[in-house]
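*Asks:* My structure is below; once you've seen it, I'll send some questions.
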Amino acid sequence: HRHDCCYDKAEKEGCSPKAQRYQWVCEQNAVQCDNLTDQCEKMACLCDQEAAKCWGEAPFNPHFILWPDFLCGQTHPTCH
């Protein structure tokens, strides 16, 4: 969810984070975005960094591979 909010914020800044290409570095099992100077590249990298960290900490449950979104419930978190 935070990943989507991060993308929304980048889009409001005039970026296209879902299509943005950038060079990234992995150090100590973490995405590093510090070397990026282009604002849109850095924003996309930081969003992806946050998603990678979240997914890396989450347990994998193969039961949910093809789970339809409508079964997730009606309440969805909002962006801050």
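We count from 1, first residue shown onward.
Yeah, the Cβs are placed from backbone N, Cα and C, and that goes for glycine too.
Just so you know, TrEMBL annotations never went through curation; they're auto-generated.
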*Asks:* Which of these links to Cys40 by a disulfide bond in TrEMBL: Cys15, Cys26, Cys54?
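*Replies:* Recorded disulfide partner of Cys40 in TrEMBL: Cys15.
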*Asks:* What are the DSSP helix, strand and coil residue counts for the domain 'Phospholipase A2-like central' (1-73)?
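*Replies:* Going through the domain 'Phospholipase A2-like central' (1-73) residue by residue, I get 37 helix, 6 strand, 30 coil.
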*Asks:* Restricting the comparison to the recorded positions His3, Cys15, Cys79, which residue's C-alpha is spatially nearest the C-alpha of Asp48 (active site)?
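*Replies:* Closest by Cα: His3.
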*Asks:* Report the member of Cys6, Cys40, Cys45 (the disulfide-bonded residues) whose C-beta atom has the most other C-beta atoms within 10 angstroms.
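*Replies:* That would be Cys45, with the most Cβ atoms nearby.
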